[in-house]
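Here's the structure, in C-alpha cells; my notes come after.
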C-alpha cells in the first residue's frame with residue numbers, strides 16, 4: 001500500500017501539477033470564498049445551488065483558472081484562459097478628470113433591469129455561457145450607460161461573480177492555509193494571523209535539519225508550518241500534556257510527501273523530560289511501553305474509522321468550507337500519516353543534545369506553565385518563540401524567565417499588517433483590516449552554569 | 001549558522017571552537033559578531049575578554065572580562081545576524097523578511113532570485129529557507145558591495161546556498177539561464193517596474209514575485225506594469241510593535257480596587273493568578289515601547305498568470 005502511495009504522490013513535494021488525491025485550495029471569485037478540497041473521483045464543489053465535480057481539476061497545473069459552464073447534466077468546471085479584460089488599455093491619470101458622469105440621475109427603484117429571472121433561466125436552458133448572460137444583463141440595464149466608468153466596472157464584476165463564477169486552483173501552503181482559517185474560523189487557530197506565524201518561524205530559527213520542539217494547540221497549523229520549512233529533514237516534535245495528543249488535523253491539508261510526514265512526530269511531555277537520575281528512566285520506559293500500546297490501539301481504531309467513514313474525516317479537511325461536500329475517497333488518496341509516536345532513538349538523541357528550538361502556540365494554556373518545563377529541553381543558545389492571544393500571560397512568562405535567568409534577548413512583539421488597494425488615482429489602505437494578530441514572546445535560552 | 005553541517009549544530013555537547021563565529025551579547029540592543037581566534041582578545045566597555053577563555057565553553061554561556069564584567073556568547077542565527085551586520089545599505093528587518101519568505105511560498109529546495117543584494121540581511125534568511133537543497137542567486141550592480149556580501153556569506157557559513165552576481169538587473173534583467181526555473185523572485189530596486197518583464201520570463205508558472213519599495217509612487221508604477229502578466233497583486237505594509245516589561249509598584253495597589261490604575265485592574269481581571277494576587281509584591285507591567293519604526297517599505301506581491 002505504501003508502494004502505491006509513493007507512486008501516486010509525486011515524490012517531489014513541490015509538484016506544480018495536481019494529482020488524484022491531492023489536497024488543493026480553491027479560490028472562488030478572487031478570494032470571495034476559499035475552499036480546501038481533496039481531488040478524488042467523487043468530490044464535488046457547491047457553487048450557487050449546484051454541485052460541480054472536481055474531476056476536471058485532476059492533472060492540471062496549479063494556477064489554472066476554471067469557469068463554470070452549463071453542461072448537459074448541470075454545471076461543469078472548464079479550463080478558462082485568464083481574461084484579457086484585465087489588460088484594458090491604460091487610461092491612466094486622465095480617467096478621473098475626464099469622468100463627467102455621476103450618480104445624480106440614478107434612482108434605486110428596481111426598474112433598471114428589464115431581464116427577469118425567468119429570462120435568465122431560459123437563456124441557461126438554451127446553453128448560454130455565463131459571460132453571455134452578463135452581457136445580456138448589461139444590454140438590458142437602463143442605467144448602465146449613465147454609470148461612471150468605475151461603477152460600470154463594479155457592476156460587471158458583480159454580475160460576473162454571480163453568473164460566471166471563476167475557480168482558481170491553488171497550492172495549499174502554510175500561507176494560504178493560515179489565511180483561509182484566519183478568515184473563516186480564526187478561533188480554531190487561536191487567532192494566529194499569517195504575519196505572526198511567519199515571524200514565529202523566523203524567531204524560532206526554523207530551518208532544515210533542526211530538531212524543533214512544537215507545542216501546537218492550534219489544530220496542527222503550527223506543526224504543519226514547521227514541517228514545511230524542514231522539508232523532510234530534522235524533526236518537528238509535537239509535545240502535549242497528559243495522555244491525549246492535541247489534534248493536528250490541519251497537517252493533512254498540506255500536501256506533504258511521506259518524507260515530510262515521517263518527520264512529524266509526537267511525544268508526551270513526560271517522555272521528553274530529562275531524568276534526574278538513571279533509575280527513573282527505567283520506570284519511565286515501562287510507562288512508555290504501556291503508553292505505546294494504548295497509542296497503537298488508538299491508531300488502529302482511528303484508522304479503521306477513517307477508512308469506513310472517510311466522509312467524516314474528509315469533512316475535517318473541508319470543514320472550513322461547509323458548502324463543499326466531499327464523497328468517500330479511495331484509501332490510496334489518504335495523505336501519508338503524520339504524527340507517529342517519536343522513536344526511542346529520537347527521544348534519546350534529544351535528551352543528549354537538546355532541541356534546536358522551541359515554537360509554541362497554546363492559546364488556552366498559561367504559557368509559563370509549559371515554558372518552565374519545555375525550556376530546559378532546549379540546547380543552550382537555542383531560540384524560542386511563544387505565541388499568545390493575550391498579552392498578560394506572556395508578560396508574566398517573560399518576567400519569570402528574566403528572574404530565573406533562563407533566557408536573554410527577551411522581547412514581546414506584536415505585528416501590525418495593513419493591505420492597500422493600489423489602482424490608478426484610487427490608492428488607499430483597504431477599508432477593512434485585521435486589527436490584531438496576536439503577541440509573540442521571543443528569546444534565546446542561556447546556559448545556567 | 002545553519003545546521004546543514006551536523007558538527008556545527010547547537011547541542012548540549014557542542015562547544016565553542018577556534019574559528020567559530022559567535023554573537024557577543026551585551027544587551028538586547030548591544031551585540032557584535034566576533035570570529036573566535038585563540039590568540040585574539042575582545043575589548044569593550046566591560047574590559048578585555050580573552051578568546052582563549054571562550055574555547056571549550058558551550059554556546060549561550062556567560063564569559064567574564066579582566067574586570068569581572070560579563071557578556072553572553074550566542075550561536076549566530078539570521079535574526080541575530082541582521083542585528084549585527086555592517087550596513088552598507090538600508091536593510092530589511094525581521095517583520096518584512098518573515099512576511100516575504102512566507103508570502104513567496106519559499107520552502108526547502110526552491111530556487112530564488114534576488115536583486116539587489118545590499119547588505120545581505122534578507123539573503124541570509126532566504127538561504128535558511130531554501131536549505132538544504134535549494135539555492136539563492138542574488139545580484140547587485142555594485143561590485144564592492146557584492147564582494148563584501150560574498151565575504152559575509154562565507155563567514156556566516158551560508159555560501160554553499162548563495163551565489164552573488166554583479167549585474168545591473170534593472171538595466172539588463174536577470175540572466176537567461178534562469179528562464180522559467182525560478183520559484184520566487186524578490187526585488188528591492190529603485191525602479192522595479194523596469195524589471196517586471198524579465199521577472200515574468202524567469203518565474204515558473206504560478207511562481208510569486210515580491211517587490212519592496214519605500215514609496216507609494218514606486219508601488220503604483222510597479223502594480224501598473226504587473227497587471228498584464230500577473231494576478232493576485234497585493235500590497236502590504238507590516239510593522240512591529242514591541243513591549244517594555246517592568247516590575248513596578250503602583251499607588252493604591254494595597255487597597256483592593258479603590259485607586260488602582262486601569263492597567264492594574266486589568267491585570268487582575270485577566271490574570272488572577274496567585275503571583276499577581278499577592279498584594280505585597282510589585283506588579284509586572286507592560287506597555288508598548290515609545291520608539292518605533294513608522295515605515296519600512298511597501299511589499300507588493302504578485303503571481304505569474306497562467307497563460308497557456
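Backbone N, Cα and C define each Cβ position, glycine as well.
Predicted automatically and left uncurated, TrEMBL annotations should be read as such.
Feature annotation from TrEMBL assigns S-adenosyl-L-methionine binding site to B:119, B:120, B:121, B:122, B:140, B:168, B:188. DSSP gives residue B:188 (S-adenosyl-L-methionine binding site) a coil state; it is part of no helix or strand. Around the Cβ of residue B:188 (S-adenosyl-L-methionine binding site), the number of neighbouring Cβ atoms within 10 Å comes to 23.
Summarising the annotation, TrEMBL assigns region 'Disordered' to B:250-279.
Annotated compositional bias 'Polar residues' per TrEMBL: B:270-279, in sequence order.
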Distant-in-sequence Cβ neighbours of residue B:119 (S-adenosyl-L-methionine binding site), under 8 Å, six or more positions away = B:85, B:86, B:87, B:88, B:89, B:91, B:145, B:149, B:152
DSSP three-state assignment (helix, strand or coil) for residue B:122 (S-adenosyl-L-methionine binding site) = helix
Inquiry  = I'd like to know which of these binding-site residues, B:140, B:168, is least surrounded, judged by other CB atoms within 10 A.
reply    = B:168
Task = Please determine which of the binding-site residues listed here (B:120, B:121) has the lowest count of neighbouring CB atoms within 10 Å.
result = B:121
Task = Would you mind listing, in sequence order, the residues at least six apart from residue B:122 (S-adenosyl-L-methionine binding site) in the same chain with a Cβ closer than 8 Å to its Cβ?
result = B:91, B:92, B:97, B:100, B:114, B:186, B:188
